[in-house]
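Going by TrEMBL, these are the annotated features:
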type    : residues                                                                                          : note
DOMAIN  : 7-147                                                                                             : domain 'Aspartate/ornithine carbamoyltransferase carbamoyl-P binding'
BINDING : Ser56, Thr57, Arg58, Thr59, Gln83, Arg107, His134, Pro135, Thr136, Gln137, Cys270, Leu271, Arg315 : carbamoyl phosphate binding site
DOMAIN  : 154-325                                                                                           : domain 'Aspartate/ornithine carbamoyltransferase Asp/Orn-binding'
BINDING : Asn166, Asp230, Ser234, Met235                                                                    : L-ornithine binding site
Amino acid sequence: MINFYGKNYLKEYDFNKHQLEILINLAEDLKTKEKHGIPHRYMSGKHIALIFEKQSTRTRSAFTVAASKLGASVEYLSKNDMQLGAKESVEDTAKVLGSMFDGIAYRGFGQETVEALGEFAGVPVWNALTNEWHPTQMLADFLTVKEYLGTYHGKTVTFVGDGRNNVAHSLLVTGAILGVNINIVAPESLQPTLSVQKLAMDLQHQSGSKSLITSNVEKGIKGSDVIYTDVWCSMGEEDALEERYNLLHPYQVNQELVDMTGKDTLFLHCLPAIHDTTTDVGQLAYEKFGVDGLEVTDEVFRSSYSRVFEQAENRMHTIKALLAATCGDVH
Ligand code: CP
Ligand code: NVA
């Protein structure tokens, strides 16, 4: 029974285990429907706004395509199109957009902005990434694990790299809700903040899963079913490249590191990834540090156990489920 119509998704723990599982299962169902050409226009005649203050390839496209396949129209509003927070308060913007649109996605900096939108819009608001959390990413990640490992329950997903960023924090908390063991392998200064660790521990008491947060690569990797990484400099942190390289180069996901799992494993990455020198950042890393790839090598990125593009496609199926459940007439 899907009964969270009108609900915001501002961070993972807005939803409980049962609700997150409903969304992941609904995404699987909608993916099957789409592959078989079965209509599912659960948002026919609705309109959604996408407010994006940061760049995006996957999330913006996923919202746009998902909404369109559900029958809704989409309006994209970039930072330059609006006066959000500059000449117009978030509260006033939320009230205006909420009076016209049936739902609002927001990508930007502080979590407080998406929380304020959620408080004042009067329509569902979805967090499309903030500095703190990336909740829509999590739906795709756990759907991908389910598809390729049969289940995520009781599996161990190990995040290696900047353990203090939005994706690492979201993974730790979502795993704790869903009953997935999450290891975070990172140098001490880039391990999850204490408040997020505490939140995860509280949630683990209910789900029975565990986490290991360590700077010891071998200890953290051993026995992992999934190795996950993300960029070393998140959007807005581009100037920290040298500092991050110095801290994180022992944590690069390469074949030697993956072999430490001692078992077959999956490789996941939320993307974008710096895995070679074909990007400006990849080229800069090569010039500055003489390396070909940062958080992951090209070998692992393109390996037979890498599921990064399947994971990216699942962004669309899972966002479709989120839209349909909170703003559509799927019951
Ligand atoms: N994974 C992800 O959020 O990608 P984009 O930044 O391209 O949306
Ligand atoms: N941690 C990254 C995720 C990008 C999808 C960032 O915030 O830039």
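Backbone N, Cα and C atoms are what each Cβ position is placed from, and that goes for glycine too.
TrEMBL: automatically predicted annotations, no manual curation.
Using the Cβ center of Asn166, Asp230, Ser234, Met235 for L-ornithine, the list of other same-chain residues with Cβ within 8 Å runs, in sequence order, Leu129, Asn131, His134, Asp162, Asn165, Val167, Val231, Glu237. When the Cα atoms are compared, Asp230 (L-ornithine binding site) and Cys270 (carbamoyl phosphate binding site) turn out to be 6 Å apart. Recorded residues Cys270 (carbamoyl phosphate binding site) and Met235 (L-ornithine binding site) have their alpha carbons 13 Å apart, per Cα-Cα distance.
Take the binding-site residues Gln83, Thr136, Asn166, Ser234: by the count of other Cβ atoms within 10 Å of each Cβ, the lowest one is Gln83. Computed over the domain 'Aspartate/ornithine carbamoyltransferase carbamoyl-P binding' (7-147), the whole-number mean pLDDT of the model equals 97.
With respect to Asn166 (L-ornithine binding site), the closest of these binding-site residues in Cα terms is His134, chosen from Ser56, Gln83, His134.
Across the residues the record lists as binding carbamoyl phosphate (Ser56, Thr57, Arg58, Thr59, Gln83, Arg107, His134, Pro135, Thr136, Gln137, Cys270, Leu271, Arg315), the two Cα atoms farthest apart are 30 Å from each other.
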